[in-house]
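Written below as structure tokens is the structure these notes are about.
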Amino acid sequence: MPPGVAVCFSSLFIRLVCMAFLTSSDKALWHLALPMIFSNITVPLLGLVDTAVIGHLDSPVYLGGVAVGATATSFLFMLLLFLRMSTTGLTAQAYGAKNPQALARALVQPLLLALGAGALIALLRTPIIDLALHIVGGSEAVLEQARRFLEIRWLSAPASLANLVLLGWLLGVQYARAPVILLVVGNILNIVLDVWLVMGLHMNVQGAALATVIAEYATLLIGLLMVRKILKLRGISGEMLKTAWRGNFRRLLALNRDIMLRSLLLQLCFGAITVLGARLGSDIIAVNAVLMTLLTFTAYALDGFAYAVEAHSGQAYGARDGSQLLDVWRAACRQSGIVALLFSVVYLLAGEHIIALLTSLTQIQQLADRYLIWQVILPLVGVWCYLLDGMFIGATRAAEMRNSMAVAAAGFALTLLTLPWLGNHGLWLALTVFLALRGLSLAAIWRRHWRNGTWFAAT
């Protein structure tokens, strides 16, 4: 869907719903959430197109190589997702406090960190790739294709990480159209280049990697132009930007450290599902891959609300406005709760048909139907931890998010002890416990702060 059409459709939908029964807080939430939902769901679409294009080449080693390369890239960049999260929180707080200097600092400091880390990854990519492929293992033919993919793909690291910062900053200032334009334009350009370079120019896995590199740098250029527009509107001068790198850089590093540790625990838990599923047999790992596609799609959609909560709760935090914060939270609970319920109902009533669209293998369809109940349960359990993540990111309470994730990871590990008796149901139960504990622990921390009047204390 072209970005202009997505934005127009989003605006029309919001107006129609708003005329019915939405409060002003609900409207403000949807204003940010809906564009993010539309843009977020283009991310799994990109992976689907990559698979379809590479899957039509004349050897399965190409698909295997891209799969390994994409997994390594996802793991590395997900660890660095703190750049977006911390930037959104700091920017939203500066926006709420109406502090132009802090707004400039929230852009420049993370951007310097992102460009530095990205340049380091690009320069050291060969030894990092060697280590990653050694850990993964597998056939030499597949690993060689993965190497060719990664050698080109990781050249985009400076742009990819800088884009995380720009996305976070634009979200923090509540520029609703920016995220959808950046993500949708970048992903559509990537898809078009993917088809042309791989199928048209026969560049195979190198073509898929080059398509992403070009798309990332093009997205960076568009993002910088958008940021320039906002800087002018906010009265932030070039002189202010030149001095914005100064300040409490140590706080930024500590904040990013805690979010990175949280992300690492998250990645390890989801990685464990893949590894342990493989030990349960080839059919189980195939079934879990299909079901995880549904979970990923749901999570990306519900994350649109989490992103909106980050921006609005951060603004309320910066303004020290408890009333606004409660309005944001209540609106988020109402609207995302309804959407989560809709996902559950769809999976309950049409889950078997959706699975049939994702795989034509009868034995996989029949096996997936046994575990479909978890896709009905998970949206209703997971939505609360997504929202609370947004609340804590807006308040830049990264240490408490890290601790909450540690509690959830421990619960996940303990639940895995049921595998000998429950089999694959035990894996999905562990994931459900993991999401539930994240939500419950963050809710307990939030409740304690609110009762004691310490939520707005310096972090």
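Note that Cβ sites are derived from N, Cα and C of the backbone, with glycine treated the same way.
Per TrEMBL, the features are:
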{"type": "TRANSMEM", "residues": "6-22", "note": "transmembrane segment"}
{"type": "TRANSMEM", "residues": "29-49", "note": "transmembrane segment"}
{"type": "TRANSMEM", "residues": "103-124", "note": "transmembrane segment"}
{"type": "TRANSMEM", "residues": "152-173", "note": "transmembrane segment"}
{"type": "TRANSMEM", "residues": "180-199", "note": "transmembrane segment"}
{"type": "TRANSMEM", "residues": "205-227", "note": "transmembrane segment"}
{"type": "TRANSMEM", "residues": "259-278", "note": "transmembrane segment"}
{"type": "TRANSMEM", "residues": "284-302", "note": "transmembrane segment"}
{"type": "TRANSMEM", "residues": "338-359", "note": "transmembrane segment"}
{"type": "TRANSMEM", "residues": "371-393", "note": "transmembrane segment"}
{"type": "TRANSMEM", "residues": "405-422", "note": "transmembrane segment"}
{"type": "TRANSMEM", "residues": "428-446", "note": "transmembrane segment"}
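Within the same chain, residues 75, 78-82, 85-86, 284-285, 288, 292, 398, 401-402, 405-406, 408-409, 412, 416, 419, 424, 427, 430-431, 434 sit at least 6 positions outside the transmembrane segment (259-278) and bring their C-beta atoms closer than 8 Å to a C-beta of that stretch. Comparison of 103-124, 180-199, 205-227, 371-393, 428-446 by number of C-beta pairs under 8 angstroms to the transmembrane segment (284-302) places 371-393 first. Residues 50, 53-54, 62, 65-66, 69, 107, 145-146, 148-153, 155-156, 159-160, 162-163, 166-167, 169-170, 175, 178, 181-182, 185-187, 189-190, 193-194, 196-198 of the same chain lie 6 or more positions beyond the ends of the transmembrane segment (205-227) yet place their CB under 8 Å from a CB of it.
Highest Cβ pair count under 8 Å relative to the transmembrane segment (371-393), across stretches 103-124, 180-199, 428-446: 428-446. Same-chain residues lying 6 or more positions outside the transmembrane segment (428-446) and placing a CB less than 8 Å from one of its CB atoms are 269, 273, 291, 371, 374, 377-378, 381-382, 384-385, 388-389, 391-392, 397, 400-401, 403-405, 407-409, 411-412, 415-416, 418, 422, 455.
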